[in-house]
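Asks: To start, I am sharing the structure in question, which I have written as structure tokens.
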Amino acid sequence: MEVNNTNNNNNSKYKNNTCIMIILFILAFGAFSGIYFLHTKNIESRFNKALENYSLNIQTIISNTTIDKTVTTNESENTITINNEFIISEEIANNFKSTFDINTRMLESSMAEIMKNSNDVLSFWFAFLSVIMIVFTFAGIFINNNILSESKENLEYIENLKKEMEEFKYESKKLISDIDIETQKNINKQQDNINKFIQDVNKQYKETSYYIDKEKMHINDTMNSIKNELEKLKFENEKAFDNINKIKYESYKSIENIKKQAEEETKKLIEENNINIQISNLFNSAYQAYNNKEYNESINYYNQIIETTDDLLKEYDENSEKYSQYKNNYLIAYNNIGNAKKNLGLYEEAIKDYDKAIELDTNNSMAYNNRGIAKKNLGLNEEAIKDYDKAIELNPDYSNAYNNRGNSKYNLELYEEAIKDYDKAIELNSNNASAYNNRGNSKYNLKQYEESIKDYDKAIELNPNNSDYYYNRGNAKRILKQYEEAIKDYDKAIELNTNNFMAYYNRGLAKLYLGHNEEAYNDLIKCYDLADDTSKKEYEQKIIDLAKHNNEAAIKICDEKGWELSK
């Protein structure tokens, strides 16, 4: 039993050792195959790199091969250079061949070095593999120390393996030899191609030489032509230079004249601008004085404008645009002087100024309208209507002219005709508060009191700060015996114009009708005190008339003033 177990153990160990040896052999063979494969790839890579460097050097030599020829003519110092990549001189060809031989030897040297390195590496790995085999052998002997038969078989196996490795080494050397032969063939083929290329280049050089000589002749002809053209241009340039100097002198003279003229014009414009500024300032001062009711001062400013314009117009022709522009200053000045004199009650003098404005511009509708107002204030209502007619003829949409013509007709007691003019004025300008007030006055005189109140209401709506509008509405309400309402309107009229003596008088009447005698007395006294000299006599008589009707407040005033009731 023990013998059998020992045999079994030996057989088991034998099998195990055999498996281990086989595995180790396979691993060694795989390692060697991998190393051989990598070594072959390395040789191939180095070989291809050598060929690429060789090809690159050849291409660089060819691409950098040029011919430079310099041609110098007797007529000019300019140098002409011709470059052609396909023309090679004999000297460059020799250099090319010498360089090519050097690169060929470098390639052969690189190939020899590659082959030598290859053999050295293979020898090293074969030796290394042999050492591995020996190690494996001793390992087998050590492992199978007690199994001699197994060791012998392993030794025989190793010997056979060594023979196979020798054969493999022989086959490898043969393979490398075949690679060297193929490489040499490729090199020879490349050499033949290069020689053929050199022959083609030489042929091209011979063909190009003819064209170079021909081009040289053409360049010489061109240079001669250019020289002739330059001489011609030189003559023309000298002539042009003389003309330029002449033009330069004339231009300088012209510029000086223009400069002098510009200075004169500038000076004139500055003076004119200063005058315009002066006139503009005078107009502003005149408008401001007029708005402040400083009419005499306003007239003085307008007279200065007229004098300044007189001096200014002397510089211009009557038919010029500037003359017409500045002439308009006269028109504005005379028209506004007339307005100022009209407000001062100097109606006849105002009419003379309007006459001058109309003389300057017969189509000035405003001047006709203003002259009509002055004539109306003089009681010349028929003459005033003629001026309004002319203003309307020149400007059919002149709302104020219709309103003013209505006023003259109102003064002539042509109330219905006046209302038609007021209607037209309102139609043209629905915001004409004065037209509503004046139409209300005409309706008042036609005893259309309710209708007149409606017009006064509209006038007050459009202009709530006019004392007369409240005064007129108060009169209409007083006639309708709406005394308290009338008193409110008189109060507002007096509030807006404390010098409105007529409002005091009529408020006093309304208070008399309400039996407020003391308050009525105060209003009547106030009216008389505020009235101007012309109106005092009128209101004195009115108060006396009230006293004759046994009005206590009026009687008291007459007693205080010493007025006789018999007047």
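Heads up, residue numbers simply count up from 1 along the chain you see.
Just so you know, glycine gets a Cβ as well, placed from its N, Cα and C.
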Asks: From 361-388, 389-416, 473-500, which range did TrEMBL mark with coiled coil?
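Replies: That would be 473-500, per the coiled coil entry in TrEMBL.
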Asks: Cβ under 8 Å to the repeat 'TPR' (467-500), counting only same-chain residues 6 or more beyond its ends: which ones?
Replies: 433, 437, 440-441, 444, 449-450, 452-453, 456-457, 459-460, 506-507, 509-511, 513-514, 530
Asks: State the non-local partners of the repeat 'TPR' (331-364) in its own chain: residues 6+ outside its ends, Cβ under 8 Å from one of its Cβ atoms.
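Replies: Same-chain contacts beyond the flanks: 283, 286, 290, 293, 295-296, 298-299, 302-303, 305-306, 309, 370-371, 373-375, 377-378, 394.
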